[in-house]
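J.: Feature annotation from TrEMBL assigns GTP binding site to G32, S33, G34, K35, G36, T37, R143, I152, Y153, S216. Among the features that TrEMBL reports, AMP binding site is placed at S53, R58, Q79, L80, V81, G106, F107, P108, R109, Q113, R176, R187. Here TrEMBL flags 143-178 as domain 'Adenylate kinase active site lid'. If you look up TrEMBL, you'll see 52-81 marked as region 'NMPbind'. According to TrEMBL, the region 'LID' annotation covers 142-179.
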Amino acid sequence: MKVWLIYSLIISTIKPTMISKTLRTIIMGPPGSGKGTISSRIVKDFRLKHLSSGDLLRSQIHNKSKEGLQAKKYIDSGQLVPDNVMVQLILNELQKLKHDSWLLDGFPRTVPQAEALHTKEPADVVINLNVPFEIIMSRLTSRWTHAPSGRIYNTDFNPPKVQGIDDVTGEELIQREDDKPETVKKRLETYQAHTEPVLNYYRNLGILEEFTGKYSNEIWPKVHKFLSTKTEPLQYTVYKFCCLHRLINHLQASSSVEQKL
């Protein structure tokens, strides 16, 4: 039986407190950990401006800034963008937010980057999403795509009516290279090898906060509670999920009882 998960939102308005400190935050987590989801929730419930290193890099390249043009040369030649170029690109953007709270996503990725950032624009807290790799493996490798339309299915909670077939066209689904088990495993291993030293750096500084859980809805209340001790929240949005077929069955049962009455 197909099981779809739907989210319900409960938004609680929080009375203002005396906390008004500008907060500089970094969020870290492996691919598939829900970092994007948690980031969007933080931005919604707190006065933090979201800065994605990937978005900034693309923007700087598009605008043909000095750092953007330097980065483009390395990217076009298939090389990694050097630490000093990435650091300067990020610092240029952060300097525009001197009086704002911010959430930095996707940077730093190396210890030299972390050291340079801490010297110029030190973070107050670093949030790390600690999601078990087996959960991420299952989550990412369950995705199948209808290439022509871009429709995405998930064999766990949004499967196609017929396995391996697109619901609309009847054409075969494919698994993107990025979603294949061997690729996901390699990405996670690479992330762990490169990121663990960065986490240790912030752990030694005493500003690392780790949040462990399997799902974003499990982790989010802990993140919100922690950030609420650092800066004043605008509100608290509670995210719950339920199985759609159970909801339908409940409504049908209720309707049947009413008819009998």
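A Cβ is built for glycine as well, from the same backbone N, Cα and C atoms used for every other residue.
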J.: How big is the Cα-to-Cα gap, in Å, between Y153 (GTP binding site) and R109 (AMP binding site)?
T.: 31
J.: Using C-alpha positions only, work out which of the binding-site residues G34, G36, R143 is nearest to R176 (AMP binding site).
T.: R143
J.: Between the Cα atoms of R109 (AMP binding site) and G34 (GTP binding site), what distance do you get, rounded to the nearest Å?
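T.: Their Cα atoms are separated by 18 Å.
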J.: Using other CB atoms within 10 angstroms as the count, which residue among the binding-site residues R109, R143, R176 scores least?
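T.: Comparing Cβ neighbour counts within 10 Å for the binding-site residues R109, R143, R176 gives R176.
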J.: Would you measure the largest Cα separation among G32, S33, G34, K35, G36, T37, R143, I152, Y153, S216 for the GTP site and round it to whole Å?
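T.: Roughly 20 Å, rounded to the nearest whole number.
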J.: Provide, as an integer number of angstrom, the distance between the C-alpha atoms of Q79 (AMP binding site) and G32 (GTP binding site).
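T.: With the alpha carbons as reference points, the distance is 25 Å.
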J.: Within 10 Å of the Cβ of G32 (GTP binding site), how many other Cβ atoms are there?
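T.: A count of 22.
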J.: Do you know offhand how many angstrom separate G36 (GTP binding site) and S53 (AMP binding site) by C-alpha?
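T.: Here the two Cα atoms lie 13 Å apart.
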